[in-house]
């Protein structure tokens, strides 16, 4: 059992723990004959161009020296501005993992990942050196919250009062395969949370961000971050208590060491 996120100063709450077998597949490696998933690298917008392109035969193994987006983040030198290929190669896995944990399904996670990189590439020239991964967290999370609000608004405006709900279709084989690998118990517990609470818990207990970083990502005060995490964790406990078959599987709530 691995404690995700690690201890934090002044954080006496419990943290979400995930069983070691609940690893998410990486975004780019998800492209297989079984799933037939198109990777983001094939979706590079043709309308976007960048003078610095990276070919496959130019790729070298990482070294101890700063390279890629790390150089740009550290120096702010426009000459080291990353290309689309560099952004995707270095950050797609992490962005996809966050998008999946937030959205709870493969289709939305892929859409959020694609939209995140489009947004990043369009804005990278105006990026101020700081924490590049934190910037990615903020964009991904805000896009997710925007998606949730947009869908809620569409449902409220478009559905008539006498709308008959249609039962959901049975999960297709691709979704069954995907869920079996990704710990459906964990995702079901997270999906039970309101979007704002889910984002705070995912960023804290899965992505390992500090309360201050979460506040910057979500654009809320520190007290609001603490409240959302506390209430989100309590909601997880309530969910697990109501679904004991999940309590001994992939999701546990243990004290911070």
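Yeah, the Cβs are placed from backbone N, Cα and C, and that goes for glycine too.
These numbers come from a predicted model, not from an experiment.
Here Swiss-Prot flags 211-230 as DNA-binding region. Listed as Cβ neighbours of the DNA-binding region (211-230) (distance under 8 Å, sequence separation of 6 or more from its ends, same chain) are residues 8, 11, 13, 131, 134, 137-138, 141-142, 196-197, 199-201, 203-205.
Swiss-Prot lists 87-153 with the feature region 'Sigma-70 factor domain-2'.
The feature region 'Sigma-70 factor domain-4' is assigned by Swiss-Prot to 186-236.
According to Swiss-Prot, the motif 'Polymerase core binding' annotation covers 111-114.
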What counts of helix, strand and coil residues does DSSP assign across the DNA-binding region (211-230)?
-> 17 helix, 0 strand, 3 coil
Summarise the model's confidence over the region 'Sigma-70 factor domain-4' (186-236) as a mean pLDDT value.
-> 91
